[in-house]
């Protein structure tokens, strides 16, 4: 398998969304950028903030779309097209209602599960074959509460569990980047429960 060349963190721009559950993808790529001494810069042609880092000797692009969640695919397509990055070389990091806080899972392809960011990316890439890193945020219990729930800050114990899942995920990203996704999946799925 080829490795990951683009890691996209999903979220919404602006200070009012910064600490909300829906911005879990931003949290992970911010930490990744910091750990690997990258520098974010706003890039209009890619509709977002971008950074380039090196992991395991390979260049990896980081992207935070500034289009708001529902139009994330616009930014992903622009960068992927410009650098000739294939869908299976893209890892999209996003909040996941169907996993408890503290649980993180890699997955390739599949549906969008009602996540509008994933839906837009799959539509614009004309493929759902990109990789996902699903960061559990839990579910409010009532489907009608979802929109409100994802745009609120997690409780303190949930935030701690999310932070631990982010760190566990970051430990496995070098394997994912170097094309050892099966190993990364096994390690993460065993560790981040």
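For all residues, glycine too, the Cβ spot is worked out from N, Cα and C.
Model, not experiment: these values are computed from the prediction.
Under the three-state DSSP scheme, residue 22 (active site, proton acceptor) falls in the helix class. The active site, proton acceptor feature in Swiss-Prot is assigned to 22.
Residue 116 (tRNA binding site): 16 other CB atoms within 10 A of its CB, across all protein chains. What Swiss-Prot lists as tRNA binding site is 17, 68, 70, 116.
The Cβ of residue 12 (site 'Discriminates between blocked and unblocked aminoacyl-tRNA') has 21 neighbouring Cβ atoms from other residues within 10 Å, across all protein chains displayed. Residue 12 (site 'Discriminates between blocked and unblocked aminoacyl-tRNA') falls within neither a helix nor a strand when secondary structure is assigned with DSSP, and so counts as coil. As annotated by Swiss-Prot, site 'Discriminates between blocked and unblocked aminoacyl-tRNA' applies to 12, with the evidence given as sequence analysis.
Here residue 95 (site 'Stabilizes the basic form of H active site to accept a proton') comes close to 10, 21, 22, 23, 24, 25, 115, 135, 137, 150: these same-chain residues lie at least six apart in sequence, with C-beta atoms under 8 angstroms from its C-beta. The site 'Stabilizes the basic form of H active site to accept a proton' annotation in Swiss-Prot covers 95.
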